[in-house]
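> One structure is given below, represented as structure tokens, and several questions about it will come after.
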Amino acid sequence: MAAEEPGDACSSSAWRRRQEVPEKPNYALKYTLVGHSAAVSSVKFSPDGEWLASSSADKVIIIWGAYDGKYKKTLYGHSLEISDVAWSSDSTCLVSASDDKTLKIWDVRSGKCLRTLQGHSDYVFCCNFNPASTLIVSGSFDESVKIWEVKTGKCLKTLTAHSDPVSAVHFNSTGSLIVSGSYDGLCRIWDAASGQCLKTLAVDDNLPVSFVKFSPNGKYILTSTLDSTLRLWDYSRGRCLKTYTGHKNEKYCVFASFSVTGGKWIVSGSEDNLVYIWNVQTKEIVQKLQGHTDVVITAACHPTENIIASAALENDKTIKLWISDC
Amino acid sequence: MNLELLESFGQNYPEEADGTLDCISMALTCTFNRWGTLLAVGCNDGRIVIWDFLTRGIAKIISAHIHPVCSLCWSRDGHKLVSASTDNIVSQWDVLSGDCDQRFRFPSPILKVQYHPRDQNKVLVCPMKSAPVMLTLSDSKHVVLPVDDDSDLNVVASFDRRGEYIYTGNAKGKILVLKTDSQDLVASFRVTTGTSNTTAIKSIEFARKGSCFLINTADRIIRVYDGREILTCGRDGEPEPMQKLQDLVNRTPWKKCCFSGDGEYIVAGSARQHALYIWEKSIGNLVKILHGTRGELLLDVAWHPVRPIIASISSGVVSIWAQNQVENWSAFAPDFKELDENVEYEERESEFDIEDEDKSEPEQTGADAAEDEEVDVTSVDPIAAFCSSDEELEDSKALLYLPIAPEVEDPEENPYGPPPDAVQTSLMDEGASSEKKRQSSADGSQPPKKKPKTTNIELQGVPNDEVHPLLGVKGDGKSKKKQAGRPKGSKGKEKDSPFKPKLYKGDRGLPLEGSTKGKVQAELSQPLTAGASCGAGDQTAIHVLA
């Protein structure tokens, strides 16, 4: 499937809503970022839109310019592969989760590691800041979720969250809730202040949940399970509202994302080397981006522009930036 | 806060102690910001310490005054704090930068400062022995509010919840309701105790939700009124209180009272011992007494705007009271529903059939209909808990959190270091709000700073030799020396309990107050470093008067 769509696909047609809503995006490959020497595990745009951070199995984090794809700097420090990286809200700090059982907080400007958070007893798989950037939440193969205080690096709370490795953790937009997904097939929602479990969603009994995150307004949860299905849940009622299929995801924890800068899309990587884009409402696949030569493990959306960053595993090792008009 | 969807927002009340907030300075007063994310604590060394409530860590320290800070108030957008110190100065601070915007010098000590709930430009100040004054910050002008009886000027005042009216109360129990803009009298009434004696008004507190307010009077009864009823009664009305709360057994006098965030509960701190009494407002029954350390005296009580958490100050330490966190086990299973009582299970006809002959085609349309629903993933609903009934949107420019930079730990051995030609730039924590930096500089802010504007407020007929109740008593009225012997409490309270302030040695060169002498005190603590703390170099004691 061609990665480029004809230009007129974006002409607005009267859709369900009054305002102009594009039918399909026309993402085209703009830059390919080469630099990692092993599989890339995660890419994230900074909240101010200037930078892209990528973490990799080659134990380093690389910072790139978000608009031009230029290499900026490399952050060294971890002793084993890094699985995830996340930005603080003011775009000055990064936190990374690594197989060396630690998380590290980095100062982006100087490239130095400010703090190492120790406490997990197995690989740390996922991490995120809260919107105030005073807390960090991390999920690990030791089946727990930990909440850390950024300032002192202390572990404030340990939540006995799941009975299998925790694959994803995310704060909602107000920082009051944490969602965690795990290989045990459950998604749990926690109160950030007290650490209490508020709700559990059984996504599917026998299927590991490979990814979970809140929607930008915090009302919905997007889950990805290893049966090649993405689901959008209204967690307060416990109902699955939308299902997105068509891609391949049976082995890896592939990141997915909401794209809300232009049309409202769901973006996800896939094990068939393509980036898939669905329309949030109609659940149709509106575009498939071709170019990677290995499993596309992660896809991230720029906060303000219609830019998607995707990255792939060892056979590819590159990050690709795709730009669209809508 | 999507908590409303999942938890019952019906607030309860705290039930047990949940730790303390301890810092070098001795706390005197505390107040939450509008969302409960930050707690500002005024200390006796003149500093304002801002705690981040989520992490229970210090977010910022503002070296505000030289003298103890006796009253604090957050602005509605959370960006500004107004503070009053015992040397009669009222200042406004910018929270993010720690700079002083403006300063006002009053002739007499300040009992209370309060921002207009909706207009940050106006501040209500209650000086001792004076009518309340409303300041306009933009032009540094002030307006003296009318009082009922010129002879008795121990007046307390408060804005109502929306700032439309100002309620004032004097020592003869007379409450005046003035319109904020015009200072016109719209309603008034007199609080009388059982036998038509008048009683002094000690404070007036409004709830954050609803129109109720309470009056704490010298007769040890807390009266709860509905603001709307007061307005309908008009001048010289005789409204009936909704509730009269008191401790009949011990006849406890109350130091400070306040409402819960939703206005359903009232907490009052005893002036005699470290105990907090919680009543349910609608019924008027006492639901809880929280006991603190024996022998300590309460200085201030504040209820969190949203959560069932209370902060109380005693002996210079802020204690936090919260609910016992009980794990909600039914939340761990997806379809688990807790039942309040037994439910009779009714068997279906086909319950035990191996094959259901009557079963029709499974309903598919239900699921499909759900999938056709439009989902809106971007628009954010305003949080009901934070919005007032007459306002549409939340303030998008409000300051909820202070940025925190991680403290840098010692540089570690880095075997995977960068190749030799990599450039190392300096660390960015120069301007970070790390405590070490704050406390070493006298001012907590960068040197080139514009001098804040200072305005002297002249008030007629106000004696300028009054001493703040926190500092001591006006005995001979001339000097600030603390009195030996029994202090005469102006709002008439009980015997003196031995007040032993916990003394923290002045750390990093900062002077601290806290020497105690006189027969009231049992132990003699260290005298302080000279100069900065007290004007004339006298030693000043902190007595707690009820």
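Placed from the backbone N, Cα and C atoms, the Cβ positions cover glycine too.
What TrEMBL shows for this protein is this:
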DOMAIN    A:32-322  domain 'WDR5-like beta-propeller'
REPEAT    A:33-74  repeat 'WD'
REPEAT    A:75-116  repeat 'WD'
REPEAT    A:117-158  repeat 'WD'
REPEAT    A:159-200  repeat 'WD'
REPEAT    A:209-243  repeat 'WD'
REPEAT    A:244-288  repeat 'WD'
> Let me spell it out: take the repeat 'WD' (A:159-200), skip the flanking residues so only those 6+ beyond its ends count, and list any with a Cβ under 8 Å from a Cβ in it.
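For the repeat 'WD' (A:159-200), the far contacts come to 122-123, 125-132, 135, 137-141, 143-147, 206-214, 216-218, 221, 223, 225, 233, 235-236, 238, 253.
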> Looking only at the repeat 'WD' (A:75-116), what is the model's average confidence as pLDDT?
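So the average pLDDT across the repeat 'WD' (A:75-116) works out to 93.
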> Residue list, the repeat 'WD' (A:209-243) vs rest of chain: Cβ under 8 Å, 6 or more residues beyond ends.
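Same-chain residues near the repeat 'WD' (A:209-243) but 6 or more away: 167-168, 170-174, 177, 179-183, 185-187, 189, 199, 201, 203, 249-258, 260, 266, 268, 278, 280-281, 283.
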> For the repeat 'WD' (A:75-116), could you work out the same-chain residues 6 or more beyond its ends whose Cβ comes under 8 Å from its Cβ atoms?
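Hits for the repeat 'WD' (A:75-116): 38, 41-42, 44-48, 50-51, 53-63, 122-129, 131-133, 136, 138, 140, 148, 150, 153.
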> Short question: which residues 6 or more past the ends of the repeat 'WD' (A:33-74) have a Cβ under 8 Å from it?
80-91, 94, 96, 98, 106, 108, 111, 255, 294, 297-305, 307, 309-314, 317-321
